[in-house]
Ligand SMILES: *Cc1c(COP(=O)(O)O)cnc(C)c1O
C-alpha cells in the first residue's frame, strides 16, 4: 500500500532500509581489520595508518569496530569538550537540523547572532568588538592572516609568528606554522611571515619594527607538546605590538573554550588581544571556527565583500556551539577542569619515568625520560586509553572537560605499566639494532 501525499509534495523515500536512522545502516559493518584495508584503498595517505576504527562514543568512552572500549583522553584533540554524544548537545543539533539546517550568508539566523553575542560576552570584548564564523581552526587563522594584511597593507607586510607554533594546514595558516617539514614541500608560501624564537622577549623586541602588521601567538603551544608562553612574554607582546601599531593575534584554537580551566587562556592572563581565533572545543565536536576582533579598529579592517564563507556560521554549527557553551557554563564544567587538572598534575608528578609535567586545565603535557612516547601511546591503546604523542618524548592529554576524577585516576593507575612496557620494547629494539650492526660489521 502506498502512502498518500498532498499534491506537489514528493513522496518521502522508503524508510524500510534506512529505518535504523544511523549511518551504519548505509555503511554496513566490518571488523577493524576489514575497515582498515578499505581505508588504505580509498583514503589519501596523509594521516598514515589510523590506529583504530571507532564506531561509537558516550561521554569520555569510545568503542572500536571490534567492540573494544577506550577511555578517550585526547577528545578528538581538544575538540570533544563534553565528550561524545552529549545528550543536550546532540538534541539541540538534531532539533536545529530538523528546523533550519543551512542558509546562505545573504541571510542570518538567531543561533548565529546569539553565539556571536555569547562569545563577545565570555571574552569580555570591549564595545565595537565583532565575530566572524568559519568552519575550522585553519580557516579562522586564514581570516586572521587577511586581517593582518588588511591592517598592514603593502607598507607593513610582515607577520611575526613563533618557533614551535602551529596554526593550521591551509596556505596562510601554514605560512605561520613553524615546522619546516609541513611548509617546505608547498613553497612558495604567502610572503611576509617571519618566525622568531619562542618566549624570547628580546627576539620579539628586535623583530618589532614599522614593517610588522601582526604578531601571532598561541598562549600555550599545544602541538609543540604543551609549552606555555610566560606571563611576562604575553605582557611584552601586548605592549610591543601596541607601541608599533601592529595587531596582537591570539590563536586559542586549542586553548580556548574552557580547555585550560578558564574560558580563554590569554584573556585569563590579563591580555586583551586585537584578535583571537577559536575552533576545536567550540562546537563540542561539531565543526566550527571563529575569529573575534577586539574593539572598533580591528573589527572594521575587513569590509563588506572582503571575506566570506559558504558554510561558516550556519544554524547547526552555531546551535551546537551555543549548546556546548550552555552546558559548560550551567554545569560549572570549568571548575571540574581545574579539579581534575590538579589530579593529573599531582599524580603524574609521582610516576617514575615522567620527568616534567605541564598541566593547564585539561591540556596536559608530560615528558618521559626516554624517546618512548609512541610506545606509550601504543601500550595505552592496548590497555584501553587514547592518548597522544606530539613529540618523541612527550605525551599530551586533552580529554573531555567533564572527565571525572575517577576516570583520570584510572589512567594514572595504569601509566607505570604502560611506561614499563614501552621502555622494555624500546630497549629490546635498541639491542636488536646493535646486534644487526655487529653482524654487518663482522
Ligand atoms: C588545531 C589547531 C589549528 C588548526 O585547526 P584545524 O581545525 O585543524 O584547521 C590551529 N591552531 C592551533 C593552535 C591548533 O591547535
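Positions of Cβ are set from backbone N, Cα and C atoms, glycine also.
Here is what TrEMBL says about this protein:
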REGION    1-20  region 'Disordered'
BINDING   137, 138, 166, 251, 252, 253, 254, 310  pyridoxal 5'-phosphate binding site
BINDING   169, 309  N(2)-acetyl-L-ornithine binding site
MOD_RES   280  N6-(pyridoxal phosphate)lysine
Check the binding-site residues 137, 166, 252, 254, 309, 310 for any whose Cβ is under 6 angstroms from an atom of ligand 1, and report them in sequence order. 137, 166, 254
Alpha-carbon spacing, residue 252 (pyridoxal 5'-phosphate binding site) to residue 280 (N6-(pyridoxal phosphate)lysine), which is rounded to whole Å: 9
Candidate with the highest Cβ count within 10 Å, taken from the binding-site residues 138, 254, 310: 254
Spatially, which candidate from the recorded positions 169, 280, 309 is nearest to residue 137 (pyridoxal 5'-phosphate binding site), comparing Cα atoms? 280
When DSSP is mapped onto helix/strand/coil, what comes out for residue 309 (N(2)-acetyl-L-ornithine binding site)? coil
About how far apart, in whole Å, are the alpha carbons (Cα) of residue 310 (pyridoxal 5'-phosphate binding site) and residue 280 (N6-(pyridoxal phosphate)lysine)? 19
Should one count Cβ atoms within 10 Å of each candidate's Cβ, the recorded positions 169, 280 would be headed by 280
Cα-proximity to the residue listed as 'N6-(pyridoxal phosphate)lysine', 10 Å cut-off, over binding-site residues 169, 253, 254: 253, 254
